[in-house]
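**Q** Swiss-Prot feature annotations, pasted as is:
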type     : residues                                       : note
TRANSIT  : 1-24                                           : transit peptide
MOD_RES  : Ser96                                          : phosphoserine
SITE     : Asn192                                         : site 'Transition state stabilizer'
BINDING  : Gly268, Ser269, Thr270, Ala271, Thr272, Gly273 : NAD(+) binding site
ACT_SITE : Cys324                                         : active site, nucleophile
MOD_RES  : Ser500                                         : phosphoserine
Amino acid sequence: MFSRSTLCLKTSASSIGRLQLRYFSHLPMTVPIKLPNGLEYEQPTGLFINNKFVPSKQNKTFEVINPSTEEEICHIYEGREDDVEEAVQAADRAFSNGSWNGIDPIDRGKALYRLAELIEQDKDVIASIETLDNGKAISSSRGDVDLVINYLKSSAGFADKIDGRMIDTGRTHFSYTKRQPLGVCGQIIPWNFPLLMWAWKIAPALVTGNTVVLKTAESTPLSALYVSKYIPQAGIPPGVINIVSGFGKIVGEAITNHPKIKKVAFTGSTATGRHIYQSAAAGLKKVTLELGGKSPNIVFADAELKKAVQNIILGIYYNSGEVCCAGSRVYVEESIYDKFIEEFKAASESIKVGDPFDESTFQGAQTSQMQLNKILKYVDIGKNEGATLITGGERLGSKGYFIKPTVFGDVKEDMRIVKEEIFGPVVTVTKFKSADEVINMANDSEYGLAAGIHTSNINTALKVADRVNAGTVWINTYNDFHHAVPFGGFNASGLGREMSVDALQNYLQVKAVRAKLDE
């Protein structure tokens with residue numbers, strides 16, 4: 001299926017934990033890859049530092065696996081502490097010499113907009129790389145790339161709109177504030193939306209004048225490395241964006257603890273987020289954390305049922321359920337519960353699961369063997385806890401990390417499948433009698449990332465939205481993102497916001513200036 005260099009060997013992956021590390025003295029900086037849809041491209045293999053692809057200091061590499069075939073795609077260079085050091089020094093020089101933060105803000109915006117245009121011109125290949133690397137359906141990857149393009153363009157428009165204020169302190173003094181960039185920002189992105197999270201991280205950092213050292217997820221580094229080739233073409237100076245591929249315990253730790261990094265942004269699990277928060281606190285670094293979720297999706301009896309079912313489908317099975325804000329806890333008003341279960345079961349069983357390059361596929365592969373095993377483990381936990389398996393719960397096929405859409409009924413609120421984030425296409429369905437009851441159930445969680453409300457009564461929708469503990473509430477829709485709307489969580493779901501003007505505040509600090517005037 002794939003053409004590889006002689007250094008990229010076809011193997012079978014039993015788990016992501018089996019990623020093989022190898023030493024190559026002459027691994028080329030690009031390898032040719034032919035995609036399943038017939039497109040061909042050159043995949044960068046190096047780290048991206050100072051606007052160049054470079055080998056890692058130790059020449060160590062690791063393999064990248066295709067989740068839908070369990071075959072190796074290629075090897076890329078593995079960054080380590082000394083590579084992070086080189087990237088941080090490059091970013092620090094770029095910040096100190098003013099090549100980015102010292103230029104006209106309009107020029108920063110133009111460069112970011114140009115980067116979006118270059119991605120747009122190559123979006124078919126980029127979407128295909130995302131599907132190859134992550135296993136998600138090609139339709140989802142195309143949607144991701146469109147979101148990337150729109151967000152970069154939107155962010156570019158904020159470049160010349162970062163201002164301070166003049167403060168009237170009397171005739172004897174002139175007082176004002178200005179908002180300034182922080183410096184070098186460390187960014188750590190997940191494997192479920194590799195390129196979209198790359199954009200969510202770099203755009204607000206760059207438009208505010210910061211420089212970046214970014215770690216890709218070890219299982220999905222390809223798309224971020226590929227689009228990095230467009231960074232110099234966009235007019236972004238050397239050292240402004242640096243990409244170090246590698247493992248969390250090495251590269252992630254080095255980024256989090258580096259004294260020259262002033263802020264850390266992370267998307268991933270709550271457990272890892274807590275660790276990063278504690279480590280960053282030791283260096284008094286700013287943090288943005290977009291973490292886990294166990295989001296409620298509420299269906300009232302007056303909802304238009306067929307539309308509600310489709311929204312619930314999108315809420316849990318989109319991106320193979322590997323979404324931090326997935327609507328994995330569904331609550332249905334008692335009077336329509338049986339009818340809902342009937343329609344939701346049928347809709348779940350009709351979903352096309354399989355080859356992610358097939359245009360009719362809605363749910364592709366899980367990203368890794370490890371994640372598939374975790375999901376199947378939770379299916380067993382649900383059965384053992386006494387929940388009713390309504391449909392699914394089985395691996396699909398013998399090759400590739402596929403699982404059938406899975407629905408549990410007859411659940412209790414203290415069950416692990418209700419409380420814990422599964423991060424896959426597994427959903428629980430519970431009945432409720434009143435708005436007060438469902439709000440209490442929805443809020444009975446350590447998380448607070450998102451919620452969905454389905455009703456034809458706008459009063460009900462707005463009142464419930466106000467009382468649900470969630471950073472984002474969708475009404476009669478779900479997983480409905482827009483670059484102008486902020487995204488982030490409450491409680492154990494994180495700190496700070498992604499997207500929109502709100503994201504910019506995470507990358508700025510306020511300076512107050514007060515001058516005494518001559519009499």
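Using N, Cα and C of the backbone, Cβ positions are placed for all residues, glycine too.
Walk me through the surroundings of each of these features.
**A** The Cβ neighbour count for Ser96 (phosphoserine), using a 10 Å radius and every protein chain shown, is 14.
Cβ neighbours within 10 Å of Asn192 (site 'Transition state stabilizer'), excluding its own Cβ and spanning all shown chains: 25. Look at Asn192 (site 'Transition state stabilizer'): DSSP puts it in coil.
The 10 Å shell around the Cβ of Thr270 (NAD(+) binding site) contains 21 further Cβ atoms across the protein chains shown.
Around Cys324 (active site, nucleophile), the same-chain residues six or more apart in sequence whose CB sits under 8 Å from its CB are Asn192, Thr267, Glu290, Leu291, Gly292, Gly293, Phe423, Leu449, Ser493, listed in sequence order. In the three-state DSSP assignment, the secondary structure recorded for Cys324 (active site, nucleophile) is coil.
If you take the C-beta of Ser500 (phosphoserine) and look for same-chain residues 6 or more apart in sequence within under 8 angstroms, you find His483, Ala484, Val485, Pro486.
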**Q** Can you list the residues of the same chain, besides Gly268, Ser269, Thr270, Ala271, Thr272, Gly273, whose Cβ falls within 8 Å of the NAD(+) site's Cβ centroid?
**A** Phe266, Arg274, His275, Ile276, Leu291, Gly292
**Q** I need the CA-to-CA distance for Ala271 (NAD(+) binding site) versus Ser96 (phosphoserine), whole Å please.
**A** 34
**Q** List every residue in the same chain as Gly268 (NAD(+) binding site), at least 6 positions away in sequence, whose Cβ is under 8 Å from its Cβ.
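**A** Non-local contacts for Gly268 (NAD(+) binding site): Ile188, Pro190, Leu291.
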**Q** By a simple count, how many Cβ atoms lie within 10 Å of the Cβ of Thr272 (NAD(+) binding site), its own Cβ left out?
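**A** Its Cβ has 18 other Cβ atoms within 10 Å.
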**Q** So if I draw a 10 Å sphere around the Cβ of Ser269 (NAD(+) binding site), how many other Cβ atoms end up inside it?
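**A** A count of 15.
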**Q** Minimum Cβ neighbour count within 10 Å among the binding-site residues Ala271, Gly273: which residue?
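**A** If we count Cβ atoms within 10 Å for the binding-site residues Ala271, Gly273, the smallest count is at Ala271.
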